[in-house]
Amino acid sequence: MDDVTAILDHLNTAQREAVSAPQGNMLVLAGAGSGKTRVLVHRIAWLMQAEGLSPYAVLAVTFTNKAAREMRTRLEALLGLSLRNVWVGTFHSIAHRLLRTHWQDARLPQHFQIIDSDDQLRLVKRLLKDHSIDDERFPPRQVQSFISGCKEEGLRPHQVDVAGDAYMGQMVELYERYQLTCERGGLVDFGELLLRSLELLRDNPALLAHYQERFGHVLVDEFQDTNTLQYAWLKLLSGMRTPMTVVGDDDQSIYGWRGARIENIRRFEREFPQTHTVRLEQNYRSTSAILEAANALISHNAERMGKELWTDGARGEPISVYAGFNDLDEARFIVDTLREKVDEGFMHRDIAILYRSNAQSRVIEETLIRQGVPYRIYGGQRFYERLEIKNALAYLRLLLNRDDDASLERVINVPARGIGTRTVEILRTRAREQGVSLWQALHDGLSDGTLKGRAGTSVTTFADLIERLDNDTAGMSLHEIIDRVIEASGLVEHHRSEKGEKGQARVENLEELVTAARAFTQGEAFEPPEAGEGAVALEAFLSEAALNAGDHEADEFEDSVQLMTLHSAKGLEFPVVFVAGVEEGLFPHKMSMEEPGRLEEERRLCYVGLTRAMKKLYLTHAEIRRLHGKETFQRASRFLREIPEEFLEEVRLRGQISRPVTSARPSGLRQTEVNGGAEFPSLSLGQRVRHPVFGEGVILNAEGQGERARVQVSFEGEGDKWLVLGFAKLMPL
Ligand code: ATP
Ligand code: MG
């Protein structure tokens with residue numbers, strides 16, 4: 001690019017000021033859609049072009065791997081060069097990179113493995129079992145979150161203040177044991193990545209000096225969601241001398257429950273010398289109806305830093321509110337409406353369905369599937385989290401590291417080879433008593449005759465298999481290794497013999513893993529492996545898989561509707577957005593309704609949801625919802641009432657029959673489409689009925705009048721059926 005000022009094109013005055021400010025500490029504090037991320041990208045380009053900063057000297061931290069990839073692509077487009085070597089990534093991926101490079105200084109084995117939160121939970125469960133600890137007093141999830149919480153605060157077991165509390169004392173003991181197991185197996189969890197790399201830098205002054213020297217500018221997106229550890233990490237790495245640009249929005253802090261600290265924004269202003277604060281006030285994303293509704297909602301929070309946000313865009317359509325009779329009806333409304341949007345010319349990928357809890361996706365998914373609408377779950381069971389893939393990865397991990405207990409336990413009897421729980425129990429006890437890995441315990445048991453007979457034979461078969469695989473794959477390329485492992489381990493055969501489509505899908509997934517490996521070595525991945533072959537490539541591939549599994553994202557390439565939790569929608573934008581389940585107890589979530597602080601976090605989450613929408617926003621709720629297997633009556637969320645009525649309109653589907661009016665809906669909404677359908681005095685939509693043959697069900701839909709009137713009923717176990725009322729003999733319940 002000849003003219004550096006071209007980087008400043010398409011920016012407003014405040015944005016331009018931020019992008020081209022002289023190097024120094026800067027905080028960009030601004031509301032949703034005001035161009036914070038855009039400023040960050042343009043600032044990197046500016047620093048390189050106008051200030052001559054080397055790409056090598058940039059460190060940019062984003063919230064997801066996807067955001068990192070996007071940032072790299074946008075930078076390359078702005079600068080017209082390839083930027084493979086710029087350090088752009090999440091806290092986790094950057095910490096990982098540091099640990100891989102300096103594994104010895106970090107006191108890690110060379111082939112340490114990253115474990116995701118699933119593996120972590122399994123490890124905790126095993127620990128409790130091994131030590132016969134009551135898992136009702138110490139629920140595994142609670143232990144897990146205690147350990148992660150400590151790490152996020154930068155605390156090792158001996159640093160936790162138990163204040164004489166016996167229960168806390170035991171928790172800390174568990175943390176200690178957990179850590180020991182990880183150390184022995186060369187396992188590193190997500191919290192550990194950061195804590196370990198912080199300690200690495202702190203305890204190695206020469207190394208720290210090297211990085212402080214190297215990085216000429218550090219930039220951070222979504223700063224409001226940094227935790228104590230991340231803050232300390234940034235502080236250490238920048239040495240308070242390397243200039244930093246951080247951007248964030250206190251109103252979008254939604255990870256307090258995971259240790260994020262909004263105070264870090266204020267702290268940054270206070271602690272980093274001569275911080276220049278820039279505010280951006282113009283929103284470019286949403287229509288004014290959407291933006292004003294979001295502004296009104298968030299004004300109900302007391303704890304705010306105070307910001308302005310306006311748009312000169314069009315007012316746009318009002319926000320549509322739909323009250324479903326039940327969750328099925330809500331899902332049907334969403335899918336019918338989005339199909340209309342597609343007919344109007346929107347792409348599937350322009351449409352997002354957001355929800356508070358993962359479990360809400362199931363009903364919506366089923367409706368999408370039934371209607372043949374392509375969709376992606378962003379954050380659900382992703383490829384690398386699927387059972388068969390995790391099994392294959394466990395074999396691969398064992399090739400690199402026999403002491404990886406979690407992996408060994410995962411596959412020792414998968415596919416079944418006659419190693420029962422009793423044998424595994426013996427191995428565990430022995431490993432615990434001798435302080436060795438399961439693999440070691442297995443060999444000891446074989447050599448001293450503890451493992452003999454049929455158990456001994458099966459265990460020998462397993463051990464031989466691993467050794468043979470290791471030998472046979474030496475010198476192979478990555479995808480050949482994986483191909484050999486999934487075949488020779490018997491995994492492919494195992495799933496092939498499973499009945500039905502599930503087995504077939506699992507085989508396809510395993511084959512897909514080979515394809516993924518091939519793509520990986522060809523450099524399509526975020527961080528290309530440094531050397532392309534054998535163990536090094538395998539290790540890099542496994543790390544990438546673990547990092548990917550933690551960062552929930554779906555295949556971005558196919559044109560499909562995007563489903564995700566409100567949390568994972570942060571930073572993204574879509575022309576059309578549905579927020580489903582806007583109900584008391586669900587959103588705000590019941591766990592947060594009692595505490596004012598957490599309620600405010602829920603409201604911020606709602607603010608994040610509303611501000612994802614560019615053109616059209618739908619808020620839906622259901623009056624009856626099946627939760628944990630039983631039906632409950634739901635009230636509309638207080639968040640709906642906190643949005644002024646002038647921005648809302650109530651929608652009803654055409655062709656509906658009359659239905660009992662409930663008090664759940666906020667009053668006074670404008671109605672756009674009033675029922676045009678038939679009247680049935682005794683039946684209404686959402687009503688439970690009994691059919692002599694199909695049993696009990698719920699009325700979902702109706703059409704026609706008089707004798708020819710038909711209703712659609714969702715029967716438990718029988719699916720949905722259209723029935724002619726004149727014949728069906730439906731009994732209202
Ligand atoms: P969030 O708080 O949700 O992360 P943000 O502040 O990071 O939002 P961006 O995602 O950077 O905002 O920008 C929002 C949208 O507005 C993007 O589509 C961006 O391209 C557009 N935008 C930002 N600034 C301008 C501008 N000066 N001119 C035109 N479009 C802009
Ligand atoms: Mg952003």
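Cβ atoms are placed via backbone N, Cα and C, with glycine included.
Here TrEMBL flags ALA30, GLY31, ALA32, GLY33, SER34, GLY35, LYS36, THR37 as ATP binding site. The domain 'UvrD-like helicase ATP-binding' annotation in TrEMBL covers 9-287. TrEMBL lists 288-571 with the feature domain 'UvrD-like helicase C-terminal'.
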Three-state secondary structure, which DSSP defines for GLY31 (ATP binding site):
coil
Could you tell me the mean pLDDT the prediction assigns to the domain 'UvrD-like helicase ATP-binding' (9-287)?
93
Less than 6 Å between Cβ and the nearest atom of ligand 2 is the rule; apply it to the binding-site residues GLY33, LYS36, THR37.
LYS36, THR37
From the centroid of the CB atoms of ALA30, GLY31, ALA32, GLY33, SER34, GLY35, LYS36, THR37, the recorded ATP site, which same-chain residues not already listed sit within 8 A by their CB, in sequence order?
ASP249, LEU280, ASN283, ARG285
List every residue in the same chain as LYS36 (ATP binding site), at least 6 positions away in sequence, whose Cβ is under 8 Å from its Cβ.
VAL28, ALA30, ASP221, VAL247, GLY248, ASP249, LEU280
For the binding-site residues SER34, THR37, work out the Cβ neighbour count at 10 Å and name the residue with the minimum.
THR37
Reduced DSSP assignment, LYS36 (ATP binding site):
helix
